[in-house]
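Here the structure is laid out as structure tokens; the discussion comes afterwards.
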Amino acid sequence: MNFRAAIFDLDGVIADTARLHLQAWRQLADELQLPWTADSEEKLKGLERMTSLEVILRGRSVAFSEEEKVALTEYKNHRYRELIKSLTPADLLPGAGELLHWLRARRIPIGLASASKNAPAVLQALEIADCFTVIADPTKTAPKPAPDIFLAAARELAVEPGQCLAFEDAAAGVAAIRAAGMTAVGVGDKWALRGADYLLAGLDRFEPEEFFRQTLPNPDTRTSPTL
């Protein structure tokens with residue numbers, strides 16, 4: 001195989017930022033004196049901001065105006081951005097840092113296709129921002145499972161979709177990759193990600209040499225940098 005670019009989702013693939021989102025939502029629920037259960041956490045997985053708020057508010061949604069709801073989501077996002085500051089490279093999921101640096105050392109273009117508007121801040125905190133060639137703008141694309149954000153990343157990378165290998169941890173993301181005409185690597189739950197072309201428990205199980213063979217420069221530059 002000879003892929004020319006790699007495109008990554010962020011949460012659940014490169015780092016576990018979902019726990020910070022949940023922490024911020026729980027803080028909001030506590031301040032509004034709303035109940036919080038393990039079921040609340042499960043229901044919030046993969047939802048965009050306003051839909052998540054509706055889950056938090058439950059039957060009390062009608063008590064808030066649209067302007068108040070927007071203010072609540074902005075407040076939650078402020079709390080989340082504060083929590084992002086606690087991230088360090090130690091929060092990278094196993095194999096993520098090694099793979100990104102392996103790709104960068106070989107000048108293989110890397111794109112980010114994340115629905116998070118805070119992705120640039122997360123990458124900075126994790127100290128991997130300089131690994132990414134492009135970060136697709138989620139505000140200008142339809143949400144997954146639409147293929148828009150992956151296609152946008154490929155366009156910015158100037159690489160044909162069929163030459164992109166993309167990594168996702170969610171079924172909607174895998175569907176988006178396939179709809180974009182790319183090859184999908186599912187990272188995580190094999191049953192949930194069964195639509196992917198390849199399945200991995202984690203990025204530490206990925207062998208990049210098998211997918212980017214012809215993209216490698218001459219042998220004397222193949223030493224992966226020390227993290």
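Note: Cβ is positioned from N, Cα and C throughout, glycine not excepted.
Counting only same-chain residues six or more apart in sequence, the Cβ atoms lying under 8 angstroms from the Cβ of Asp9 (active site, nucleophile) belong to Leu112, Ala113, Ser114, Ala166, Phe167, Glu168, Asp169, Ala170, Gly173. As annotated by TrEMBL, active site, nucleophile applies to Asp9.
Using a 10 Å radius centred on the Cβ of Asp11 (active site, proton donor/acceptor) and all shown protein chains, the other Cβ atoms total 23. The active site, proton donor/acceptor annotation in TrEMBL covers Asp11.
The Mg(2+) binding site feature in TrEMBL is assigned to Asp9, Asp11, Glu168, Asp169.
DSSP assigns Asp11 (active site, proton donor/acceptor) to a strand in the three-state reduction. The substrate binding site feature in TrEMBL is assigned to 9-11, Trp25, 44-49, Ser52, Lys76, 114-118, Lys144.
Annotation note: Lys117 (substrate binding site) sits in a coil segment as assigned by DSSP.
Take the binding-site residues Trp25, Ser114, Lys117, Glu168: by the count of other Cβ atoms within 10 Å of each Cβ, the lowest one is Lys117.
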